[in-house]
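Let me begin by presenting the structure, written as structure tokens, before commenting on it.
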């Protein structure tokens, strides 16, 4: 039995946890669009596809519910063309794209999340409709080309237009509409493997009447009011494809800075071809001047070199194309190397042995490259001992060699190779190489104090390799321990003095670096290498870098600072401070963290705590903000009908909120409410007293009155505790004229001034009346009507019919709901969406008549379908009704009260709701009376347990 009572207790705690969420709810989302979509009769798109004309403005709104207020994010997946939504997302309820283009079509997703449950995601597909100008191209049958291009030949006219939706084509000859089969000499067809993309008009064995003006009309059936577009082509016996010629050489070799002009002329073609210039790679230079078929580049550079093509097109046959290559002279990158006698293993230059000097440059064009050799300023010619050669361009382009056979003392001196281009206009490159007894191969060493090299993160460091020898070669630096890039992003860095300078050193740069000699500007021998070790010290990396801790007075708090990484890791010390006050110091042993605790918080214990963990390179810091400030309130945005109007120019607003983590700090004693009119500077403030503790998820309501229509107001709410002010939160409230609520969910308790947009029927006999028990006439008829609204409140409002005189039996009062709009049915999709319609009704009195509910469907003809009916005395209680409805178009609900035979026949309704989805089965099957809603959830869950206890208790 004790186990059973324990089970009851556990279940009660669980249910309290569930109900403790209060109004907190995971997000729901729905997408609506402003304006009307372009409808296609035969397509019948569902509401999840939105069609829009190119160039117009797309506006999609994401309607969300959920508490706390969900964060909204719009994203997009590509449609027919890849588009990444400008590589960004939109964090706003409304997505607005002005001048929408075709590539912006696709599926748009709205994602809402507030940390409760799973994110809510809805999508809508956007189709962008457009129609480009059609283009007609003309071709003759293959293999029949002769001088008279179209004389007694078969001709094909192809019409193409880009569009969405698919285009429909029609042909005309003059004013005559051409149809398949209307003329034996004409055939109209679509090519294989196309889907309405083109339409071909085939003229078989041209006849005299076929020489005429042809028109192709492209149409998308006026979808989105896109007009038809037409293109015409005049076919004659002179119609011919284009031909051109270039009035320039190929290739064209020029010097940098010169102006160049390319001329392209047409030699044939009817109609007259259009001429365009293109470049084989990339676009034309920005400075290019185009004038018809003439292209001018004022001051050419090496970057402008390449192949330029002139293209002529008149939509007859294939376009004509002629090309020329522009070469811009250039000489660059002069370098040399010395190769000792290859038949000896010695790398040194010695008397009596062979030595070879090589020079290399990059030349454009390579055919114009020439080399000249000099010794001590005097020209050298090839001889038996001084052999001058040029390396095969396929092996080593732009390279010349001077072989000195049997080196003699008299051969010592300065040798110069000069590279030049035959065309001139480019400065020569001169390279000097000294051959003497002091010319020796290189050697690399690392100074003793330069490896290992210790530095700190963020410093500037120089890695050094000393190079000896003559001449001194270029030094190449690279990473020796791993295949990673050097600081400049390349795999190797060049140095002319053996020094590698690194700015802003990072910890990732620690490791071994290799310096090695290059063959250029030195000896062509096996590279010399040396290694330099770099050690980068960095201060400790710690977590958390910053943490806010909110805690009430007289409570304890513990702060912990953890070391993630540090170098050097040894001799780590720490110190705790509150502001400038030193609290504690110490040294790490084997642990990776340090803690500081405050057993009982008071005013002097609040503030910023800093924990510094220190090594040779510096300090890492954890910061803790310990505060007693209350968290910000969370405004509730899902209030049903928050705006109501009591006077002509004045409106009121029901402001609701919850308190985030109310138990985190001391009890909230009041809220400071600030309000100011939009655009004004001054805040009007007042305090709202709070009695007792606020529960998590508890909804707090405060009515803002005397607001001026149609002004918007900024509202600021700040919680107050004995610590002081907490975090503020701000929202804007706006007056909006009553509109039809979104059908996702509708609830009306008739509490506001506009009674949720319900209206009286002008064709009935009398009206429904808004009333509460507290405001009803003191001369009311006894023994009929409710004593409170359906929640049990004497101040709550409901709608009722007064059946006292002069009302007569059978007279009707009809109350009309707002018009609810739904999306048109998709004939190829699922069935219509179901909605659960529910309301409370009160029928007490001996003369009760009838209460009917009708579903009025909007269309070309208005139809009223009986939905629900009840009659007779139901007792002094509120009853609930649930009905599933399946509207196929916009609809209204009509409450019709019919007066009974006497004055004790008042009928009332309250809490009308419409929710998407079918009603629960138990709701449809139950019509129980309801006196209040408090505790129902717990009582229902506990009922089986209580029954079980009552059965088992006698057995004890």
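Here the Cβ of each residue, glycine as well, is placed from N, Cα and C on the backbone.
What Swiss-Prot annotates here:
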type: DISULFID; residues: 62-110; note: disulfide bond
type: DISULFID; residues: 159-216; note: disulfide bond
type: DISULFID; residues: 264-310; note: disulfide bond
type: DISULFID; residues: 359-417; note: disulfide bond
type: DISULFID; residues: 465-515; note: disulfide bond
type: DISULFID; residues: 561-611; note: disulfide bond
type: DOMAIN; residues: 27-127; note: domain 'Ig-like 1'
type: DOMAIN; residues: 134-232; note: domain 'Ig-like 2'
type: DOMAIN; residues: 242-328; note: domain 'Ig-like 3'
type: DOMAIN; residues: 340-436; note: domain 'Ig-like 4'
type: DOMAIN; residues: 442-533; note: domain 'Ig-like 5'
type: DOMAIN; residues: 540-627; note: domain 'Ig-like 6'
type: DOMAIN; residues: 638-739; note: domain 'Fibronectin type-III'
type: DOMAIN; residues: 746-921; note: domain 'MAM'
type: CARBOHYD; residues: 92; note: N-linked glycosylation site
type: CARBOHYD; residues: 213; note: N-linked glycosylation site
type: CARBOHYD; residues: 237; note: N-linked glycosylation site
type: CARBOHYD; residues: 434; note: N-linked glycosylation site
type: CARBOHYD; residues: 443; note: N-linked glycosylation site
type: CARBOHYD; residues: 504; note: N-linked glycosylation site
type: CARBOHYD; residues: 610; note: N-linked glycosylation site
type: CARBOHYD; residues: 703; note: N-linked glycosylation site
type: LIPID; residues: 931; note: GPI-anchor amidated aspartate
type: SIGNAL; residues: 1-25; note: signal peptide
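A straight line from the CA of residue 434 (N-linked glycosylation site) to the CA of residue 417 (disulfide bond) spans 12 Å.
Closest by Cα distance to residue 92 (N-linked glycosylation site), from the recorded positions 216, 515, 561, 703, is 703. With respect to Cβ pairs under 8 Å, the domain 'MAM' (746-921) is most closely packed against 638-739, considering the stretches 134-232, 242-328, 442-533, 540-627, 638-739. Under a cutoff of 8 A between CB atoms, and with a sequence separation of 6+ in the same chain, the neighbours of residue 110 (disulfide bond) are 29, 31, 60, 62, 72, 73, 74, 95, 121, 122, 123. Of all the recorded positions listed here (264, 443, 504, 561, 610), 264 has the Cα closest to the Cα of residue 237 (N-linked glycosylation site).
Considering only the recorded positions 264, 417, 504, 703, the residue whose Cα is spatially closest to the Cα of residue 465 (disulfide bond) is 504. Closest to residue 515 (disulfide bond) by Cα-Cα distance, out of the recorded positions 264, 310, 359, 703, is 359. Along the domain 'Ig-like 5' (442-533), the predicted structure has mean pLDDT 91. Here residue 504 (N-linked glycosylation site) comes close to 458, 459, 460: these same-chain residues lie at least six apart in sequence, with C-beta atoms under 8 angstroms from its C-beta. A distance of 85 Å separates the Cα atom of residue 213 (N-linked glycosylation site) from that of residue 443 (N-linked glycosylation site). For the recorded site, residue 159 (disulfide bond), the DSSP three-state label reads strand.
Residue 310 (disulfide bond) is 29 Å away from residue 216 (disulfide bond) when you measure Cα to Cα.
Residue 264 (disulfide bond) sits 43 Å from residue 417 (disulfide bond), counting Cα to Cα. Using Cα positions, the member of the recorded positions 310, 561, 610, 703 nearest to residue 359 (disulfide bond) is identified as 310.
Cβ neighbour count for residue 515 (disulfide bond): 28 (other Cβ atoms within 10 Å of its Cβ, all protein chains included).
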